[in-house]
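Asker: Take a look at this one; I'll ask things after.
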């Protein structure tokens, strides 16, 4: 039975059209997946339904929820509806809760605002809902504060808030994108269970085809403000009638063309490396407690090799990365690059041997400098005359597929994918032996990601580079690395050739990681 | 490239008052200190454009000469605050969490703990009253203001990837602060600068009021404002003119601040 029926929804902000003729139906007890790349308009569709659009946005069309047109309701009527008949959960659980109030209060608040219960009654319901989302009374009393919970637990609180009033429609905008794979699997299961139990409709917005494949009954694929293909998930995924859907699929399972070129010569040696943090003192006279983020980690990266480092958030991979880059000192063990020690005080020539590409293409560049100056920054380590620097900037930009004229532009003139190319050009410019790729493709859309992975494979072949590829995304690591390390709680728990580890994982943690990774069913892809 | 309209307007307004102050070095309608008791408290008219004060001195001439003192005191005091406070703030942020950071910031707190007027009285009591010592007193109080604003702005930048990229490129704290941090907190400093400038004019007025600023007969906008206070019912215009001069100059500087922010930010720059 159709609950939400959207017809010819269009939206423009200023004069820019954002959505054009979007139509779809969502039925009770069903999961509807809305898939697309960033900027395709999927979040805007959700915000239009909630009438939470940014200032200056103009929506037209119809969106009937149980016979009422949401788009024509007054703000007062919408307030009564939001949280009551439509619940919503967002991507970032870390900022979605008020840090000053207890989780019980926040779940109960929804009920009190809508006049559905007295405070006492609301707290009872809050307890019930928190139990339902898996936060049991024993470990998670209502008096807990958000900072005492992990990201996944906070997302569960958000879900409890969203379903507290048993809404007919739940909108989830990238609910698991900020979470680790093992946490993601739990949240998706929870959402699926709630849909079945409460007979509500779930509109799941995501960029991840595999997540949709595992959860959604129906799916719509969005490109530049239009729905290009829609239908039952399996049918859409099997036939892939539209060209854009085909391209998305090809990109998400893309395998860059790379030849193994690893040698036996060790390039980076990490020997029993240990990193401690001092935590705040519990009292003015107590010693600062220590947190060991990296516990006696050892591994070797060979020249020309691609080594993957996989682990969930908080496992210590970022801390280890900082030590490998020579930004932080070690508290034990040593890190050697080409046989010489790495540390905050290493000589410039030594530092020039390793460069880095970060995750966020938007935060990686000083907005006040032109591309030429940004890319030339590492010349600080290997000084070269001005003319030569200019030539090499042009050369590096060409190597990553950009024009030499781009050197005179500012960074805000580029898209995320182009910025990541510029970041790679900056890392390449002084020809380091090792490039650390710190979640370098995690923030990119699948098609851009495929291009960047191709570029990395190509550059590796041409310049004989070695990569340390740090990621939480197992499928990407599988596609581009020779060997892989699995890290958990500051320790390497498994190490081996990538194919061997992925096909026959020996450590239980690796097995858990692999089985939690969402996957498009095998049978759907071939053909 | 087109200059932002705010910058043009602000520069024109500020230039007008700065021009008046500069012209006063060579010409004023009447000698600044010349008293004409018979013509005291004349309303504005053809002889005295802005009227005369309680001693029969020409208000326009006083305003022109007073502008020199007020603008100079506020500008130099702001300069002292920026040149002292910004490097300290950058240093504290680059060494965040260290002893250096603690010492700098607690030192700031110490200065903040005293009201500016008390410090100013202390300094002028030791060094003697006068415009120069007023500058010193106001300037010293500006230092912790800029140090705090700078450190706050810089701290959030130090967590960004492009700062890490610069560290990976082997650059040290001082160099990163100058190349990446300072240009990106310039907005904050410009805004704070215009605020401190206006506060400087007011602080100078306050010091003059208690007799520790510019000494008579040297006028300043603040002194004129303070002097006119007793006549507020008989000759309200006496307070209006220096007040307007202060407001218009501060407005002009604020507009310049906004314009500079737009001009310096490549993202806001129009093609």
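Each residue's number is its place along the chain shown, starting with 1.
Keep in mind that glycine also has a Cβ here, set from the backbone N, Cα and C atoms.
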Asker: Which of these ranges is annotated transmembrane segment in TrEMBL: B:30-57, B:114-141?
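Answerer: Residues B:114-141 are the ones TrEMBL records as transmembrane segment.
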Asker: Which residue range, B:206-231, B:232-257, is the one TrEMBL calls transmembrane segment?
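Answerer: When B:206-231, B:232-257 are checked in TrEMBL, transmembrane segment belongs to B:232-257.
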Asker: What same-chain residues lie close to the transmembrane segment (B:114-141): Cβ under 8 Å, and 6 or more beyond its ends?
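Answerer: That would be 69, 72-74, 76-81, 84, 200, 203-204, 206-208, 210-215, 218, 220.
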